[in-house]
Structure formats: C-alpha cells, structure tokens
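Okay, handing you the structure first.
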Amino acid sequence: MIKTNKKTPKNIILSLENVSISYGTFEAVRNVFCNFKKGNITSLIGPSGCGKSTVLRSLNRMNDLIPNCSLKGTVLFDGTNIYDKRVDPVEVRRRIGMVFQQPNPFPKSIYENIAFGARINGFTGDMDELVESSLRKAALWDECKDKLNDSGYSLSGGQQQRLCIARTIAIEPEIILMDEPCSALDPISTLKIEETMHELKMNYTIIIVTHNMQQALRVSDMTAFFNAVEYEDGDGGKVGYLAEFNSTKKIFNSPKEKTTQEYISGKFG
C-alpha cells in the first residue's frame with residue numbers, strides 16, 4: 001500500500017483519528033479517536049445502535065459496499081491512510097481480514113474453502129501445506145483432516161466458524177476483525193473459538209465486537225465501550241461515540257465513566 005507521511009508509535013498497528021461515519025444524512029458514529037496495539041485482542045462493546053459494528057467494518061473498508069456510507073477522519077494502518085483514493089480496498093481487506101457473525105463457508109469442499117482465497121490472491125506455494133497450517137491455527141485440523149473433500153456445509157456451526165477463521169488466516173492478514181463471531185454458537189463452540197483466539201494473538205492483532213460481557217472479559221486485553229446519545233435537534237435519533245477505552249481489567253473493575261459501569265452491570269443495553 002502507499003505510504004503517507006503520517007506516523008504512529010511502533011506498537012500501534014491501527015489508529016482512528018477523529019472518525020465520523022454516516023449513512024446518507026444519518027450520522028451513525030461521531031469523532032472517534034482510538035489506537036489499537038499490535039498483538040492485542042481488543043473488544044468493542046456497547047448497546048445496540050451505538051456504532052461499534054459500523055466502526056469495525058470501517059477498519060477494512062467493508063462499509064464501502066454499503067450505498068451512501070461515508071467516512072470523515074483518518075484510519076491509519078501501517079503508516080497508510082486506508083481511505084486515501086490511491087489505496088486499493090481489496091489489498092486492505094487482504095491485510096485486514098474479517099470473520100462475520102454468521103458462519104459463511106463457500107459452497108465448496110473444506111480444502112477449497114482455504115485454497116480458493118489463497119489462490120485468487122496469488123499464492124503459488126505448497127497448497128497442501130497452507131491448508132493444513134491454516135486449519136491447525138484455527139484448531140480444526142484434527143477434526144477434519146480425514147474429510148477435506150467434504151463440503152464445508154457438512155461441518156457443525158462452530159466448526160464452520162473456525163473454517164471461516166482458517167480461510168481468513170490463509171491469505172496472511174495482519175489483523176483479524178470479528179463481528180460477534182460466537183453469537184450464533186452454543187457454549188462449547190464459543191469456548192473453542194475463544195481458545196482459538198488466544199492462540200491466534202501470538203501472530204495476529206484481533207479486534208472483536210461482542211455483546212457478551214463475560215466473553216470480552218475472558219478474551220481481550222483492551223476494551224472500547226461505545227454508547228449513543230440523542231441528536232441535538234431532538235428528533236429521536238441517536239449517534240454513537242466512544243465513551244471509554246482502556247485495559248479490559250480497568251474497564252470492568254474501575255471504569256472512569258458512570259455509563260460504562262451501568263452498562264457492564266446490566267442496567268441498560
């Protein structure tokens with residue numbers, strides 16, 4: 001990607017500088033400043049409608065696919081403003097991967113779910129080795145090594161989600177975004193995904209949106225609490241904002257903002 005003159009500290013892999021995001025005339029989130037540390041798992045939490053998923057999707061330009069969505073401010077990744085007109089969004093999404101709320105394997109074999117994305121991104125190495133490595137990192141190899149030619153749809157929901165994680169890993173991203181990856185899964189599958197995340201943080205930076213407070217507490221190093229306030233014109237609409245960002249331990253044990261304490265204690269949400 002094209003380098004800009006912007007600089008961030010070495011341990012900061014991604015930075016939002018005064019980011020506001022709108023859908024047409026509706027402002028969804030306003031004036032977000034946030035730094036994501038390399039090698040950390042960061043949770044984005046907050047009530048429905050506060051803009052946390054909108055912010056997550058902005059980190060690899062997935063919002064570009066939504067008509068009339070616009071962003072003001074700067075999103076810096078590796079010294080580059082990813083919203084610079086010269087930057088290829090496809091390359092951004094290769095380096096900053098995404099795992100969605102619902103498992104969405106390709107209608108292909110387990111093997112091809114991994115190989116397909118790598119192939120179209122120009123991978124020319126040992127594909128068998130890449131498939132095995134990706135599945136191992138996603139803690140799925142032992143469960144499917146003898147049925148790689150079976151359809152990805154033949155796997156359970158939790159296995160499908162880990163297949164999607166393996167598919168993301170295969171194209172060698174630096175950051176993995178996860179939008180409520182466990183919301184459709186049972187507790188055992190959720191635990192397996194969380195264990196996988198802890199293994200992945202040794203090689204990747206992970207940013208996750210979750211409504212599950214216990215999950216945020218279990219998996220993340222840092223937590224960003226988003227909230228929403230009514231528009232100044234009083235028309236009933238709300239705009240999201242970053243209310244507090246700190247280590248997960250401090251957010252849950254000694255938050256600075258009263259609204260943070262009220263949210264994590266279940267008083268609203």
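Cβ coordinates come from backbone N, Cα and C, glycine included.
Sequence annotations record features per position, and here Swiss-Prot assigns domain 'ABC transporter' to 14-253. Among the features that Swiss-Prot reports, ATP binding site is placed at G46, P47, S48, G49, C50, G51, K52, S53, with the record citing sequence analysis.
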Indicate the candidate from S48, S53 with the smallest number of other Cβ atoms within 10 Å of its Cβ, considering only these binding-site residues.
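Counting other Cβ atoms within 10 Å of each of the binding-site residues S48, S53 gives the minimum at S48.
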Tally every other Cβ atom lying within 10 Å of the Cβ atom of C50 (ATP binding site).
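Around C50 (ATP binding site), other Cβ atoms within 10 Å: 26.
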Looking only at DSSP and grouping its letters into three states, which state does G49 (ATP binding site) belong to?
coil
Taking every protein chain shown into account, which of the binding-site residues G46, P47, G49 has the largest tally of Cβ atoms within 10 Å of its Cβ?
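Neighbour-count leader: G46.
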Starting from the ATP site formed by G46, P47, S48, G49, C50, G51, K52, S53, give every other residue of that chain whose CB sits within 8 Å of the mean position of their CB atoms, in sequence order.
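For the ATP site, the extra neighbours are T54, F226, N227, A228, G240.
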List the residues of the same chain that sit at least 6 positions away from K52 (ATP binding site) in sequence and have their Cβ under 8 Å from its Cβ, in sequence order, or write 'none'.
L44, I45, G46, V209, A224, F226, G240
